[in-house]
Amino acid sequence: MQIPVEPPPARGRAAAPNARRSGVAQRPRPIAAVALRRRAGFRGPRGCARLRVAHRRAIRRPRMTASHDPRPLAIALMGPTASGKTALALDWAARLDAEIVSVDSALVYRGLDIGAAKPSAAERAAVPHHLIDVREPWQAYSAAEFASDARAAMDQIAARGRLPILAGGTGLYFHALLHGLSDMPEADPATRAALAEEAARRGWAALHAELAALDPQAAARIHATDAQRIQRALEVWRLSGRTISDWRLASAARPRLPFRVLKLVLAPAERAVLHARIERRFEQMLADGFLDEVRALRALPGLAAHPSPLELPAIRAVGYRQAWEHLDGAFDAAQLRDRGIFATRQLAKRQLTWLRGELDARWFDPLRDAAELEHALRLFAGARLRAPRQGV
């Protein structure tokens, strides 16, 4: 089977023919799987996983051409945690006269700074950021609220003649904004409390089994330990008598975001590279005072008085839950490090699984594909893109 893919930007002796340099559209060259293996140098058992990544990236790289689409431009910079999205978004924002809209469910909460890798005060002063520090850590913030707030921010940015960069890794937020949500029931505190009480008695695995009997599609997407999503799926069923999968299917025909969005995924081709970055970042967070930050959160009246702080979305965030349990005396500092790194790896795995469903997104390895990434950005943004800053 042959997969049509766009060839990478020409370099050196492999420079494109005159027709390509002149801007004449070229038919994408078919590249057979064996040719793809040979070109990428994938040999032996270890090469198989890398080949799968290359295939995913190849089939997700549609041809980039100039467009007369009148809609304003936006960039969605997606990727797993620790993939380098923040640094790249800051660089591009400076070069594109852009503003950054955070798509991160931890950054919306005040006080979640070190453990959430929140942009520094200096970075936020240099480039306008949106949807950071918009809720207290004991408050709820739904995907529907995010989509509404993000859409308003994008409209305001475009009205100023600037370009919105959507940067983050929360798949549910991206889905709500880019594809829309159905009119499924809003969160109901009484129903959620009843489900939380059931989970305390029976365990979330039992509630996941109940969900599997009602909605096999949702249960297949949701891990048995993902309490928040299990709770939401069962809540929707109990409030409406319809499964969450039915509601999402009904939303497929809803109007989409009125922006022309370039979807880019940053993901190291080698999983070991991503794991090493995650490990280094978590250790740096601990060195930067992450535990002191969590101690300060525990002292806040809204959290100190809460009957079940570990059930709050803010405290369930990766790293924060493990630090909270460590401070409760559940395990020692060495286990905190190991559990925090493991939980972050699992988060990255879930993020990558969701990202593979974005079929029109283009995948790039941030460590290997800098030239191709720059090429894609230049084709999309055109004359508004300034040259890279020195040292970036």
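For all residues, glycine too, the Cβ spot is worked out from N, Cα and C.
Model, not experiment: these values are computed from the prediction.
Residues annotated as compositional bias 'Pro residues' in TrEMBL: 1-10.
TrEMBL lists 1-28 with the feature region 'Disordered'.
What TrEMBL lists as compositional bias 'Low complexity' is 11-21.
Per TrEMBL, ATP binding site is recorded for Gly79, Pro80, Thr81, Ala82, Ser83, Gly84, Lys85, Thr86. DSSP classifies Gly84 (ATP binding site) as coil under the three-state reduction.
Note: Ser83 (ATP binding site) has non-local neighbours Gly169, Leu266, Ala267, Pro268, Leu274, Arg277, Pro366, i.e. same-chain residues 6+ apart with C-beta under 8 A of its own C-beta. Taken from TrEMBL, the feature substrate binding site covers Thr81, Ala82, Ser83, Gly84, Lys85, Thr86.
Residues of the same chain lying 6 or more positions beyond the ends of the region 'Interaction with substrate tRNA' (104-107) and with a Cβ under 8 Å from any Cβ of it are 115-116, 118, 131-133, 141, 146, 168-170, 172-173, 313-314, 317-318, 320. Look at TrEMBL and you will find 104-107 (among others) tagged as region 'Interaction with substrate tRNA'.
The feature site 'Interaction with substrate tRNA' is assigned by TrEMBL to Thr170 (among others). Residues near Thr170 (site 'Interaction with substrate tRNA') in space but far in sequence (CB under 8 A, at least 6 apart, same chain), listed by position: Val103, Asp104, Ser105.
Per TrEMBL, site 'Interaction with substrate tRNA' is recorded for Arg192 (among others). The Cβ of Arg192 (site 'Interaction with substrate tRNA') has 16 other Cβ atoms within 10 Å, all protein chains considered.
Across the region 'Interaction with substrate tRNA' (228-232), mean pLDDT in this model comes to 93. Residues annotated as region 'Interaction with substrate tRNA' in TrEMBL: 228-232 (among others).
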Tell me, by DSSP, whether Gly79 (ATP binding site) is helix, strand or coil? coil
What whole-number Å value do you get for the CA-CA distance of Gly84 (ATP binding site) and Arg192 (site 'Interaction with substrate tRNA')? 36
Taking only the CA atoms, the spacing between Ala82 (ATP binding site) and Arg192 (site 'Interaction with substrate tRNA'), expressed in whole angstrom, is 32
What is the set of residues, excluding Gly79, Pro80, Thr81, Ala82, Ser83, Gly84, Lys85, Thr86, whose C-beta falls within 8 angstroms of the centroid of the C-beta atoms at the ATP site? Gly169, Leu266
